[in-house]
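Peer 1: Mind having a look at this structure? Questions to follow.
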Amino acid sequence: MLLIPNTNTNGEMDDSDAIRSPLFWLFWTTATLFTTTTTVKNVMEDTICMNLLGENKHQYGGQRLWGSIGYSMLAIASGVCVDWYSKEQEFKNYTPCFVIALMCFILDIFVVSNIEVVQESSYTNKVSSDVKKLLTEFRIVAFIVWVVLFGFFVSFLWNFLFWYLEDLSTFYHPETKSWMKTLQGLAILIQCFGGEVPSFFLSGYILKRVGHMNVFSIMFFVYALIFFLFSIIKNPVYVLPVEILSGVGFALFYSGAISYAHLSAPVGAEGTFQGIVGTALTGIGTPIGSLIGGYMFQIIGSISSFKLLSVLVLITCIVQIIVNQMINRFSKNINIKTTSRRCQPEVGDFKL
């Protein structure tokens, strides 16, 4: 990223001109490689974390929250450094971000190389067969669909929220442009410390008491509220309290998805199934959301896009609740038919 020239221009560049530019494809290739390796890293670290926790898998959120802490602290630090480094410059210079990231990656390589990873069992044909059989179950298919949809919706926040903040600053509050990167870093700080960290910490307790699918339903509703609030905000500073909800929504949904995937995966295929879930989230849902989001922002604008998204997420929430109830009722009927064939059914057989 440091080697790619910064070709800032005051004029608008046509899409076809951008696509024909070698710099565009150099940036695209770099971003694609980074996203690909990041996805692999996320899948591996979640799987390894679950294996290291052993019988204490419910404590996953307590481990994952440290990622949110580091993410938020470096976000605000990077934002302040960029604003400081870009003083009296027409455009922002992101060199401090890349330098900080490089230092962290080098330190990370040293740390992870000292973690002892123990694989519980080897990947066999039986495990492969179990995974294929698992993917034919309606509850698993539904779960993967919810993850894809979550990735679709969350991609709008990941990829377009900062763009939206800069639009608000340009049109309504130009006085915030000089410290916009600091404001964006502060938004991440509040999202992580105000929403993600406590939610990751309490995720095990919440998932046990509420249930994975019920948590998904609540989080879809929370995201509908988030998109609606973003659509009526005109001052970019007012985004900060909404970011608390964003942190809660991401932390609980992500913890629920990782936990549900690990509980559902056949023994020895935890990494494979986590990979499937990771693909559904960042390999299918997020790219589709990014592509459609770009067209939505260009055609109907950012405010209308967030209003439309709030309606779509609310519809998804209602559909998810209905499908979840259908799955529970169907599973209950199967359990009743199974236990009716036994001479002495146990009380635990009826518990869902």
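Note: Cβ is positioned from N, Cα and C throughout, glycine not excepted.
When I checked TrEMBL for this same protein, it listed these features:
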DOMAIN    24-307  domain 'Major facilitator superfamily associated'
TRANSMEM  23-44  transmembrane segment
TRANSMEM  65-86  transmembrane segment
TRANSMEM  98-119  transmembrane segment
TRANSMEM  140-165  transmembrane segment
TRANSMEM  185-207  transmembrane segment
TRANSMEM  214-233  transmembrane segment
TRANSMEM  239-263  transmembrane segment
TRANSMEM  275-297  transmembrane segment
TRANSMEM  303-323  transmembrane segment
Peer 1: Using a Cβ cut-off under 8 Å, which residues of the same chain at least 6 positions beyond either end of the transmembrane segment (239-263) come close to it?
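Peer 2: Distant contacts of the transmembrane segment (239-263): 46, 50, 57-58, 60-61, 64-65, 68, 143, 147, 150, 154, 157, 161, 165, 186-188, 190-192, 194-200, 203-204, 206-207, 212, 215-216, 218-219, 222-223, 225-226, 229-230, 233, 270, 273-274, 276-277, 281.
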Peer 1: So, taking each listed stretch (23-44, 98-119, 140-165, 214-233) in turn and counting its Cβ pairs to the transmembrane segment (275-297) that are under 8 angstroms, which one gives the highest count?
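Peer 2: The listed stretch sharing the most Cβ pairs with the transmembrane segment (275-297) is 140-165.
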Peer 1: Count the Cβ pairs between the transmembrane segment (185-207) and the transmembrane segment (65-86) that lie under 8 angstroms and are 6 or more residues apart in sequence, then report whether there are at least 3.
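Peer 2: The transmembrane segment (65-86) and the transmembrane segment (185-207): touching, yes.
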Peer 1: Do any residues of this chain, six or more beyond the ends of the transmembrane segment (214-233), have a C-beta under 8 angstroms from a C-beta of it, and if so which?
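Peer 2: Same-chain contacts beyond the flanks: 146, 149-150, 153-154, 156-157, 161, 164, 168, 206-207, 239, 242, 245-246, 248-249, 252-253, 256, 303-304, 306-307, 309-311, 313-314, 316-317, 320-321, 324.
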Peer 1: Please work out which recorded stretch in 98-119, 140-165, 303-323 has the most C-beta pairs separated by under 8 angstroms from the transmembrane segment (65-86)?
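Peer 2: Out of the listed stretches, 98-119 contacts the transmembrane segment (65-86) most.
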Peer 1: For the transmembrane segment (140-165), what are the same-chain contacts with Cβ under 8 Å, counting residues 6+ beyond its ends?
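Peer 2: Answer is 134, 180, 183-184, 187, 216, 219-220, 223, 226-227, 230, 236, 239, 246, 250, 253, 257, 260-261, 264, 276-277, 280-282, 284-290, 292-293, 297, 302, 305-306, 309, 312-313, 316, 320, 323-324, 327.
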Peer 1: Average pLDDT across the domain 'Major facilitator superfamily associated' (24-307)?
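Peer 2: Here the mean pLDDT over the domain 'Major facilitator superfamily associated' (24-307) amounts to 86.
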